[in-house]
Amino acid sequence: MVDYHAANNQSSAGGAQTYMGQEDAWDRDLLLDPAWEKQQRKTFTAWCNSHLRKAGTQIENIEEDFRDGLKLMLLLEVISGERLPKPERGKMRVHKINNVNKALDFIASKGVKLVSIGAEEIVDGNAKMTLGMIWTIILRFAIQDISVEETSAKEGLLLWCQRKTAPYKNVNVQNFHISWKDGLAFNALIHRHRPDLIDYDSLRKDDPVTNLNNAFEVAEKYLDIPKMLDAEDIVGTLRPDEKAIMTYVSCFYHAFSGAQKAETAANRICKVLAVNQENEQMMEDYEKLASDLLEWIRRTIPWLENRTQEKTVNDMQAKQEDFRDYRCVHKPPKVQEKCQLEISFNTLQTKLRLSNRPAFMPSEGRMMGDINGAWHTLEGAEKGYEEWILSEIRRLERLEHLAEKFHQKAAIHECWTDGKEAMLTQKDYATSTLSEVKALLRKHEAFESDLAAHQDRVEQIAAIAQELNELDYYDSASVNARCQKICDQWDVLGALTHSRKESLERTEKQLETIDELYLEYAKRAAPFNNWMEGAMEDLQDMFIVHNIEEIQGLITAHEQFKSTLPEANKEREAIQSIQAQVQKIAQSNGIKLSGGNPYTSITPESIDTKWEKAMAMVPLRDTALQDELNKQNSNDSLRAKFATQANAVGAYIQEKMEEVGRISIEMNGTLEDQLTHLKEYQKTIMSYMPEINKLEGFHQHIQEALIFDNQYTSYSMEHLRVGWEQLLTTIARTINEVENQILTRDAKGISQEQLYEYRASFNHFDKDHSGALMAEEFKACLISLGYDVESDKQGDGEFTRIMGIVDPNGTGAVTFQAFIDFMSTETTDTDTADQVIASFKILAADKNYITADELRRELPPDQAEYCIARMAPYTGPDTIPGALDYMSFSTALYGESDL
């Protein structure tokens, strides 16, 4: 399409005033005419899209698509060649109004008076105001600078049309509405400049639709002028819309009115092409490396985010081993690739800047910011995965312990309840003697005591089952079924106990004698028996500890338990003495005892057996606790080893980070000396890698021992890994900065003394040693170098211009590289697109095109083929087969904004 940049940059105050006269004459009420509004909508939409397509976008509905201001700002940037303030990406109304205001302010800055056009109307989708605004933009950027014999824009465009169509019959251009209805004026303009495209003599004045469609289709196909009007709309309207016709005709004016000038030599082309080839190869290498790294990250993150739970500790430890292999084997090469990618990107941008090329914009999603963001996501996923693995191991250990405890208690309870229902349902009291019934009642009271003592165990079983459910134990179904069976049976036992007691109490009045000794034995034996069973449970109970304090607490509790054994033995002997007394009384009174104790099933033999079994468990418990104490002492030693190495590595990394910071500021000697010193310093740092690996070994032992805390150091392995990677990246980045300075010096011809002066001035004003100058520090630095940027009106404008060069993103800070680029630009010359075009024109013998044979004759073979492969066919007048367009090729080398 047509480029308006050159014309816009040459606008004058007089032109602006002429434009204002046209603007004041615009009658907004005409927009209420539906036919005119339809024509303006189509024309203005096509005109906007002819420019927006350069930015890879377009609009469909002119009053809707400009409401948020984003495409409006983009349109102004494309047609003006200037950068507008950064738009706001929010979706709220205030964000849209702010964006539209930025666009309107930019229009006003070009000397345009916006009459009754406000941001609110544009945001509200006011068609009348939106079309008025677009017409204002068209006048300013497409029509204002058209001038023929010092006439105004509109008059100049009309005069140009009259002169170009004067020789043609049936064409009399007097205005921008009626004169164009029959389509002959459009065809005459095309035929005047490109007679090969139009057979003018075959056109008929009485067939306006055919004439208009012919001109519109030829312009769109061969002149790259989009179709902005419908022939039927023009013919069917009494008076076509003047603004739509002017907009369309201005595109023909710009398409035919310019010719490029040129004036240099072929050696400059060789230089430009060589640089471009090298830069393209670097771009391809960057794209491939970035794609490979991002693909690796994309494949790795889902694996790190997988939270599929395992059933056992061993399965989770296998996952932990896989993760350790990833951290030590697979990730380190990718860290190096990321560092190399950043270095390649910075070097490429420096070369492009030095050769006056547009900055390299990687493919979407492959910017360094995208790569850093993906890397940050990867590291976050790593941290979360490692924490999840450790948490799962703890959870599964807890679950296995609880499940074992549940089944142990359940088995004891089930053993105790075995036969209790049959005992409670028998009706033995119906045929018993009075003394036997009394005995049965006492026995039942002892059973109730025993039943109450077992209530705690049932509650413990239920509580453990509940905890297993809450912790998502994989075999919760069988646990729940067993727990439910125990609870249901317990309820049945309670009901049967109550029923049997009532039956026995009905015969209580018949009971006259009580065997006190049996009863006392039963009452004392039952709790003692429960105590022994509880003690055996505790002695067999599993334990999990994580430090010395916890195991010492268990040992202390065990010692306290052992201290109660003498008293318990006294109780056992007292219980046994009751049974002995029974036997003595029976013998002395000649009583024949039938069966055992009627009040309890606990025999002296069972008490002695359980006592002996409990006493045998005590030393086993002593041994288990001592083994765990030894294990915790060993773990503490591992903590100390890791802490000693971690503290040393942490101090080393901190020291080297500070040294790198000082080196990047001081930079003594020549740049080559500094580069050599930095690379030697890098080797020194890399020689410390065995210490890092040693620390990784200690960390592996720590994890294998399931140690989760370390009171001897504040450093974690993750923290030190990040610090080590940051140290390697910082020194590599510092080396890259010096290499870029060497490139700048060699490319711009800056002497070593100038670099010293620049560095000394920069460091002098960098008070906080941050490596960047704030605005006021940078102004003081420029003044010290002889720049007139004092605080007067002119000085502020000059300083603002310089800040726009060295800080295009408006961060408020100036890096040393940006400072050197500015100083070198101020003192050296660079190639331009105009110079390259002039060189090609010399090789082409002053023609507007060049042939492949001429390129092969004048240029080295590889660069000649490079040009032939990239030049588009020439489509201008007087072309020949095989002609190539060297103008658009030269423009593409430097970016369109340089024209």
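Backbone N, Cα and C atoms are what each Cβ position is placed from, and that goes for glycine too.
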Feature coiled coil in TrEMBL, mapped to one of the ranges 227-261, 437-471, 752-786:
437-471
Mind checking which residues of the chain, 6+ beyond the ends of the coiled coil (437-471), have their Cβ under 8 Å from one of its Cβ atoms?
395, 398-399, 402-403, 405-406, 409-410, 412-413, 416, 423, 428-429, 479-480, 482-483, 486-487, 490, 493-494, 497, 500-501, 504-505, 507-508, 510-515, 518-519, 522-523, 526-527, 530, 598-600
As a test of reading the model: what is the averaged pLDDT for the domain 'Calponin-homology (CH)' (151-257)?
89
Please count the residues of the domain 'Calponin-homology (CH)' (38-142) that DSSP assigns to helix (H, G, I), strand (E, B) and coil.
71 helix, 0 strand, 34 coil
